[in-house]
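Visitor: Below are the features listed in TrEMBL for this protein:
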DOMAIN    255-468  domain 'Orotidine 5'-phosphate decarboxylase'
BINDING   Asp261, Lys283, Ser373, Gln432, Gly452, Arg453  substrate binding site
ACT_SITE  Asp314  active site, for OMPdecase activity
ACT_SITE  Lys316  active site, for OMPdecase activity
ACT_SITE  Asp319  active site, for OMPdecase activity
Amino acid sequence: MENIDSRIRDLVLQLHNYGALKFGEFKMKVGVNSPVYFDLRVMVSYPQLMDNLSQLTPNFVRSKNVDFNRLCGVPYTALPIATLMCVKSDIPMLMRRKEAKNYGTKKMIEGRFDKGDKCLIVEDVCTSGSSILETYEDLVKEGLEGNDCVIVVDRQQGGHNNLLKKGIRVHALTTLSKALEILFEAGRIDSNVVEKVNEYTRANTIELANGVIIKSKSTNQVPDRIITPFSVRSQHSKCVLAGQLFKMIEEKKSNLCLAADVTSSVELLSLAQTLGPYIVIFKIHADIVKDFSQEIAGKLRSIAQSQQFLIMEDRKFADIGETVRQQYCSYSPWADLVTVHPLPGDGVLKALKTAFTESTSEPRAVFIVAQLSCQNNLITTDYTKDSVKMAESYSDIVAGFVCQSSDVIQSVGQLQLTPGVNISTDNDSLGQQYSSPDVVMGQKGADIAVVGRGIIKAKNIVETAKNYQTILWEAYQNRINHSR
């Protein structure tokens, strides 16, 4: 990786030498003026630069473990880059037209391919991500997968996040902030230029709706949940336990919640003791453990404290307030977190807030079930939105939401817990739908992934848990990488 970093540094300096990276005042495609401009079209006049880029890019992509068997450049500036990558890597290339011809085959995607082929999208500069999205949509229409894109420069103005919401992972050779750092250290620009450009990027981020630019907004207010590191998000949390959980995730480098759906207390405690080092939440259903007792709960609590994870009782409270308050009493000594169905209204949250205060001095919190992962569930979009709105008045006890979509949670200080995660994405016979760790952490925007049978039914549960921990953490790192 050190050699790749060194070559990326040399590339940035070359781009500046050849006038591909300019500073001044420039009108952008998205309609705003920019103090910096990347004109990578000039690269075609410098064969050595093109040769270096065509060798560096495939090596960089391989270092990110991207799986693909086709290339497609975004027209038109990226076409020479994709072409040379095709030749150097011996990977077939496809060509996307800007518009279909009204004669001949009338195809938008030219070249030989099979449905299901994985196509790496190649682009020079990403600002809003709209051009990449257009290419992605045309590939998908032809039955291709196009969930990875490599770009030379990420301008860090929202494109990365816009694409991530569509399930497209962006791998940038360099970001604008990194390029500024390289040029400043090399004495090519002064601190005034760096400050001016950074101020511009902070003040302008671009959002897309159905591929159309809908607004450019200031980013000086609240950071974006999807791409903000947990260490920053913990400072925005109004819920004490959520703040602790953010820090625990960072310290353990784990986004893993184990769903310990077992019926024996012996197996329950064994799982906690054995897998505790690799998880941040141990989720149980006490009512299915046939010999569960407060003594067993006490032993589980001791393990949790020694292994540094939180216990979640997945009770899904869903009754009138007074009933919920009384139901909670047996869980208060040992459950850090409980789940709640918001269907009865805010009375359930009001009751739990009261119960938390009455029963213990230790922090307690709620995860609201805003969406489900099972087929044919009755939760609607409006129900999910109303659930989030209802929680606004209880942000001190709501640690986050159980959901399946990246756009549910607006608060950067709350966590998304997403169940239905399995490396093997086959569904079960009772309606449970599974998603891969990469999809859950990337496309679905999860902060913590819930894994159950994928671990507890494995032949080697320790190695399997370690594997899930690593894969999930790497997916999270990839999600936020461009913002660092």
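These residue numbers are counts, starting from 1, taken along the chain as shown.
Just so it is clear, glycine is given a Cβ too, placed from its N, Cα and C backbone atoms.
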Visitor: What Cα-Cα separation, expressed in whole Å, is found between Ser373 (substrate binding site) and Asp314 (active site, for OMPdecase activity)?
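Guide: Ser373 (substrate binding site) and Asp314 (active site, for OMPdecase activity) have their Cα atoms 15 Å apart.
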Visitor: Looking at the active-site residues Asp314, Lys316, Asp319, which has the shortest Cα distance to Arg453 (substrate binding site)?
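Guide: Given the candidates Asp314, Lys316, Asp319, the nearest one is Asp314.
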Visitor: Among the active-site residues Asp314, Asp319, which residue has its Cβ surrounded by the fewest other Cβ atoms within 10 Å?
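Guide: If we count Cβ atoms within 10 Å for the active-site residues Asp314, Asp319, the smallest count is at Asp319.
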Visitor: Could you find out if DSSP has Asp261 (substrate binding site) as helix, strand or coil?
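Guide: Asp261 (substrate binding site) sits in coil per DSSP, no helix or strand.
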Visitor: Using all protein chains shown, find which of the recorded positions Lys283, Lys316, Arg453 scores highest when you count other CB atoms within 10 A of its CB.
Guide: Lys283
Visitor: By a simple count, how many Cβ atoms lie within 10 Å of the Cβ of Gly452 (substrate binding site), its own Cβ left out?
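Guide: A 10 Å sphere around the Cβ of Gly452 (substrate binding site) contains 19 other Cβ atoms.
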Visitor: Between Lys316 (active site, for OMPdecase activity) and Lys283 (substrate binding site), what is the CA-CA distance rounded to a whole number of Å?
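Guide: With the alpha carbons as reference points, the distance is 12 Å.
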Visitor: Using a 10 Å cut-off on Cβ-Cβ distances across all protein chains shown, tell me which of the binding-site residues (Asp261, Ser373) has the largest neighbour count.
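Guide: Ranked by Cβ atoms within 10 Å, first place goes to Ser373.
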Visitor: Take the C-alpha atoms of Asp319 (active site, for OMPdecase activity) and Asp261 (substrate binding site) and report the distance between them in angstrom, rounded.
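Guide: Computed Cα spacing between Asp319 (active site, for OMPdecase activity) and Asp261 (substrate binding site) is 23 Å.
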Visitor: Which of the three DSSP states, helix, strand or coil, fits Asp314 (active site, for OMPdecase activity)?
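Guide: Assignment for Asp314 (active site, for OMPdecase activity) reads strand.
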Visitor: Should Lys283 (substrate binding site) be counted as helix, strand, or coil on the basis of DSSP?
Guide: strand
